[in-house]
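For reference, Swiss-Prot has these:
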| type | residues | note |
| --- | --- | --- |
| BINDING | 207, 208, 209, 210, 211, 288, 296, 413, 414, 415, 416, 417 | 3'-phosphoadenylyl sulfate binding site |
| BINDING | 229, 230, 231, 232, 233, 234, 235, 260, 261, 262, 263, 328, 329 | substrate binding site |
| COMPBIAS | 124-135 | compositional bias 'Gly residues' |
| DISULFID | 396-408 | disulfide bond |
| CARBOHYD | 105 | N-linked glycosylation site |
| CARBOHYD | 178 | N-linked glycosylation site |
| CARBOHYD | 318 | N-linked glycosylation site |
| CARBOHYD | 389 | N-linked glycosylation site |
| REGION | 1-31 | region 'Disordered' |
| REGION | 68-139 | region 'Disordered' |
| REGION | 154-192 | region 'Disordered' |
| TRANSMEM | 35-59 | transmembrane segment |
């Protein structure tokens, strides 16, 4: 068995100081020992330098040291340009994909790309509309990793829906506006804008001509009105003003919101409730001869309930004594002075316009001129918008810009009244006369209901 060679003997101790060599002897030490010391020192220093460089992780050996001895040595690779270096990532910051390397156009004989231009005004770095700053917009303007981009794109529609003020109704209204359609003889305003509480109300009276007035005023382009009767101040007041506002149509700046509910005029709580909503609101009352109004009211009820008693029976508490039953709604509504007194406790007379139901039939353009002046509107609705229907005895609306047939009120308007005993009509005239005169004095208008020829 081979044996390991014995370790070399320890170096001899340094020689003691000796006396100077005798004359004629050499001053140099042994050459072998000096050469060994220099080689050992050189290797130790070289090893120490490579160890220090290798521990830093930045040591790259030249290719000449890795290739075969016969290969030509190549210079070390040049450091990459700054655009190719990975972006430093800060701990806790969202990861971002490295920017793609720029095309080296110069190497292909092309001019270099111009510097990146700033985003267009109103957009962010992604070409998305800018919301005007804030954390959310800064988040959207931050370049995202592919996985984060999916999340951002899925969340973007929800963000846009929350910030956008355009609704489906607005878009539908704009599409309708492009067609500039008209419905029912009235100009159809596009269904976008803002829902507002009304600035004017048609508060009465039932069977006085309120529907005819509403349909005529809706022809005006600066008026938007509810087609149905909301009955907010008498039946639905507990639902609140927001419910009432949502019932209203959308209006643009400069347009007036209106509604009509004839029962307001005879509702005791209505004046106070309306005043609490808007002190400066404008009120319109269409009044009619109370006798013919009562007969028309009864005729409407009779068409729905044929089994009710006759008009003569319902109008009197005691016909023999000639006692009129003022508690019957058909009679009570016609006591205009009594109801107006309640309204004047909350509104000045200057905020109330009284329209004659009789003149609205024979001269609709004249009465509509008063209404438009009262509302502060330009006189757009004129005689060219009306056509008198001799069969019904009522004016009908027409569109002056085309040749379509005039639009008349429903079949219930102009229905034949039942024949009423002339004695009952005479007694009713006597009953209403003092109230009518009081009403004339309160309003400053003489409606001339006491003339015999005015009662039919």
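Just so you know, glycine gets a Cβ as well, placed from its N, Cα and C.
Computed from a predicted structure; not experimentally measured.
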* Around residue 207 (3'-phosphoadenylyl sulfate binding site), how many other C-beta atoms are within 10 angstroms of its C-beta? -> 23
* Spatial neighbours, same chain, of residue 229 (substrate binding site) - Cβ under 8 Å, 6+ residues apart -> 259, 260, 261, 262, 263
* Out of 231, 233, 389, the recorded positions in the record, which is closest to residue 416 (3'-phosphoadenylyl sulfate binding site) when you go by Cα distance? -> 389
* Select one residue from 261, 318: among these recorded positions, choose the one with the most other Cβ atoms within 10 Å of its Cβ. => 261
* Structure fact -> Counting across all protein chains, other CB atoms within 10 angstroms of the CB of residue 235 (substrate binding site) number 13
* Distance, residue 235 (substrate binding site) to residue 318 (N-linked glycosylation site) (CA atoms, angstrom) -> 32
* To do: Indicate whether residue 318 (N-linked glycosylation site) is helix, strand or coil by DSSP.
  => strand
* Structure fact -> Cβ density check for residue 233 (substrate binding site), other Cβ within 10 Å (all protein chains) comes to 21
